[in-house]
């Protein structure tokens, strides 16, 4: 576990550095998933928490990514911080966060984002923008004088790493790559060729 802790701490230091750059969204990461047939897809999500327990993002469980994670609970994350010339690739298994944890994060979201989570049937075809905006107005009226509850289909996912790879750009494409991986019951670490 010492090597795993080292990898997570290294990631946390890099993430902190990225947050101090001019990047508009340093928490943006590419999430790659695949369905039960191995058909892949990727999209950008936001990193909301990182700890030794894993990396957390939130989404609609009925979305394409939610359905894929239900069918195949393995995924990869990739964060590229261009100003730092650093990239981190993380692979692992994915599990739902506890309802209490999802509720806690939900309570921190802007009200407009909460209403949007109810209004959007994420990943489904949209009849029209006007339909979506009307749906938001209906929800604004419905929850006018009360907190917006968390939809039962909106929650967090925690990726529990079994591979973490750090990449740092170097001249001549002789990049530095360090890989941490879990194998045969233990964490291992090594530098790999560019």
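From the backbone N, Cα and C atoms, a Cβ is placed for every residue, glycine too.
Taking the Cβ of residue 45 (FMN binding site) as reference, residues of its chain lying under 8 Å away and at least six apart in sequence are, in sequence order, 28, 29, 31, 57, 59, 65. Per TrEMBL, FMN binding site is recorded for 43-48, 58-59, 64-65, 87, 122-123, 167, 177.
Around residue 109 (substrate binding site), a 10 Å sphere centred on its CB holds 16 further CB atoms from the protein chains shown. Look at TrEMBL and you will find 48, 105, 109, 113, 173, 174, 175 tagged as substrate binding site.
Note: the domain 'Pyridoxamine 5'-phosphate oxidase N-terminal' (17-141) comprises 44 helix, 43 strand, 38 coil (DSSP; helix = H, G, I, strand = E, B). Per TrEMBL, domain 'Pyridoxamine 5'-phosphate oxidase N-terminal' is recorded for 17-141.
As annotated by TrEMBL, domain 'Pyridoxine 5'-phosphate oxidase dimerisation C-terminal' applies to 154-194. Across the residues of the domain 'Pyridoxine 5'-phosphate oxidase dimerisation C-terminal' (154-194), the predicted structure has a mean pLDDT of 96.
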Spatial neighbours of residue 105 (substrate binding site), counting only the binding-site residues 47, 58, 64, 87 and Cα distances within 10 Å: 58
Protein Cβ atoms within 10 Å of residue 64 (FMN binding site), excluding its own: 16
Distance, residue 64 (FMN binding site) to residue 174 (substrate binding site) (CA atoms, angstrom): 37
Site diameter for substrate, Å, by largest Cα distance between 48, 105, 109, 113, 173, 174, 175: 43
Helix, strand and coil residues within the domain 'Pyridoxine 5'-phosphate oxidase dimerisation C-terminal' (154-194) as assigned by DSSP: 3 helix, 30 strand, 8 coil
